[in-house]
Amino acid sequence: MKPYRPAFALKNFSSLAPSKPPISVHNVETFIDARSIKTGFDPNTCRSNFMVENLLRKGYLSTARQVFDQMPSRNTVSTNMMISGYVKSGDLLKARHMFDTMLDRTAVTWTIIIGGYVQKSQFHEAFKLFAEMRRHDTQPDPVTFATLLSGCNDAEADNELVQVHGLVLKLGYHSSIIICNSLVDSYCKTDHLDFASRVFEDMPERDSVSFNALINGFAKDGLTEDAITLFLQMQNLGFKPSDFTFAGILSAAIRLNDLAFGQQIHGFLVKTGFVGNVFVGNALLDFYSKYDCLVEAGKLFDEMPDLDGISYNVIITCYAWSGQHEEAISLFRELQFTGFKRRQFPFATMLSIAANVLDLRMGQQIHSLAIVTTADSELVVGNSLVDMYAKCGRFEEAEKIFRSLAKRSTVPWTAIISGYVQRGFHEEGLNLFNEMHKAGVRADQATFASILKASANLASLSLGKQIHSFVIRSGYMSNVFSGSALLDMYAKCGSIKDSIQLFQDMSERNIVSWNALISAHAQNGDAKATLDSFEKMVQSGFQPDSVSFLSVLSACSHCGLVQEGLRYFRTMTRIHNLVPKKEHYASMVDMLCRSGQFNEAEKLMDEMPFDPDEIMWSSVLNSCRIHKNQELARKAADQLFSMEVLRDAAAYVSMSNIYAAAGQWDNVGKVKKAMRERGIRKVPAYSWVEIRHKLHVFSANDMLHPQMEEIRKKIEMLSKQMEKEGYKPDTSCALHDVDENIKIESLKYHSERLAIAFALISTPEGSPILVIKNLRACTDCHAAIKVISKIIRREITVRDSSRFHHFKDGICSCGDYW
């Protein structure tokens, strides 16, 4: 990256030029005396005013005030200068106090104080002062109108804007070009392009500023063709474009979605010499960044003769959006050594990088810098801090910042809700959504996506349906992303029919909605429907992405379609020019291992461009348990045990289970000891079922549920019926060195069977049952539930950590391949 080039570098050469002779005191006094005679002012007052003016120009506000206070006689000019000095320094309180104590105010006085409130974005207070000015019979001049109108830039000022326009017409200022330009600009900023166009058309004369205001208004409102037409009209009429013109037309080019047009404007800028203007350069940089033209944006940034803080902000954001975090971080470090305003650094962008890569330390460093520069008080930075801490799992800090925000809009609410949901705290996320709703904050598509994910992971179909109706009432049903999130929710709640219906009812589909449908079929173990949907998507003209292929490979893996899986894996690179990611290789390893093709799996892991991770070796280990390959299991376990960080105790549990199934209890003890020494605990198995809008959670051998006596009676009754159907318990799943009868008894009270028994005593006969388990179901429970579905003549759906199992009439949808 090139070194920092400050805009003021050339100014340093001015010291080499011949110095001009200083103005003598005599000359100054002569100048002051001449001005006082000409204006009729008192000479002493005029001299003092000159001193005050000179001190204010140099920034010596307190010294200027001392001179002002010591003046024997002051006039309106004296006080106006001091009020202006306070306004420019940002001290509106002292400016207002001095204004309120004035007896003789002119239009200039009123204009200065009105401008002060406009600068502080307090338009309504500025308008009150304007109304008071009129009550004092002080006639506003064009500068007063222009100053007031410059602060009228949001829809809440509609009423005041119309009143000001009416007064302009009443006072006969409708032909003033400065006022008309301000009216056009204000109407554009308040989204009243019809009024802006009418004022523009009625103007007796126009200048470049008139055209710039309307061009930018059209561009901002998405009327790109109107903006471009007006730009061409401006050229034909001979008006010279300015930097504001090009900024507006480049903004229109972004919305036009026409890269070639923007490149033509770039060429025009080179011809007219505007490309060296930092304001125009930044607009052009923003144009290329919005089109993801990283090479062009980087080259332009390197070639810009002058840079400012905005230049850095745009290029850093460009790299961040494209996932090139190292480049963004490097530029941010470079930015810190410039002289640009630190408060305007792209803190929000840098915090989003920390959030996406879950780098808490980086996020905390950015937070500290934001505090030092007071940028943490800005709403966009505060929202980003909430998002960063929530995504990094630091909910205490996230909530503290969230509660301290001056304004809690949809953005921070969604950030903290999605943070909880992503970390698996689904109920907390849903509680916050309820709080958000009570606070009267409107949810958007991102909010709905998060809470739909929460209800999907909880498998709460009733809650999902409530949110569905909420989405409809909020007007987001036609949004393709909301529709896709709903489709995914129904699929994860086991209601594949509703998912398909939602997809068919979509007025618009994109790659996201197709991927949601493909994933829905894959999760439910329907490989045929998964592959059919994939092919239909391709036939519809959509290019499959890495997500599409991940679902297809997962479906092939779960259904034993090894040859089909290999074929689709090859087409990723050969036909669709996609580079397989680590998760695609993980699916392939899982597919080969499930089918017992361990040599092929090891070969693939040796050839892939990265080292096998925890997920891959876990797949090998699980398959070794199924196929009783103890030798490879030990190799996989050694690889897993040597890793610095493990997600959970699954590797130790799997190896322990392999030894237990082989009756090698000494080795079981050794594995459990190693697990304890490492401080890793086994994740307890839980199953839950939703009955009448309430989730009931069970653990193995649970005795805490208030209806446990009835539940156990139901299990005993089912056990007798199951025995008549030929069911025999698989005691190899009871991995404890105990008596065979104790093993059989313990299997009966696994968490999923308790949940099914409770559902049977709590729901009408014939109604379907959906049970969710946080871990993989054991083979004995799988066999038992098949028999139960035949006895009770109900459809039972079990969603474990691996997939869906749909049991009906003694058959499972997985075909016993899982």
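Cβ coordinates come from backbone N, Cα and C, glycine included.
Feature annotations, courtesy of TrEMBL:
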REPEAT    75-105  repeat 'PPR'
REPEAT    106-140  repeat 'PPR'
REPEAT    176-206  repeat 'PPR'
REPEAT    207-241  repeat 'PPR'
REPEAT    308-342  repeat 'PPR'
REPEAT    378-408  repeat 'PPR'
REPEAT    409-443  repeat 'PPR'
REPEAT    479-509  repeat 'PPR'
REPEAT    510-544  repeat 'PPR'
REPEAT    581-611  repeat 'PPR'
REPEAT    648-682  repeat 'PPR'
DOMAIN    726-818  domain 'DYW'
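Packing against the repeat 'PPR' (106-140) from elsewhere in the chain are residues 76, 79-80, 83-84, 86-87, 90, 92, 95-96, 99, 147-148, 150-154, 157, 160, 164, 167, 171: each is 6 or more residues past its ends and has a CB under 8 Å from a CB in it.
Applying DSSP to the repeat 'PPR' (648-682) sorts its residues as follows: 26 helix, 0 strand, 9 coil. Outside the repeat 'PPR' (75-105), and at least 6 residues removed from its termini, the chain residues within Cβ reach (under 8 Å) are 41-42, 45, 48-49, 52-53, 56, 61, 64-65, 68, 112-113, 115-117, 119-120, 136, 138. The DSSP breakdown of the repeat 'PPR' (106-140) into helical (H, G, I), extended (E, B) and coil residues amounts to 26 helix, 0 strand, 9 coil. Per-residue confidence over the repeat 'PPR' (378-408) averages out at a pLDDT of 93. Under 8 Å from some Cβ of the repeat 'PPR' (479-509) lie the Cβ atoms of residues 445, 448-449, 452-453, 455-457, 459-461, 464, 467-468, 471, 515-517, 519-521, 523-524, 526, 540, 770, 797, 799, 804, 806, all in the same chain and six or more residues away from its ends. In terms of DSSP secondary structure, the repeat 'PPR' (176-206) contains 23 helix, 0 strand, 8 coil.
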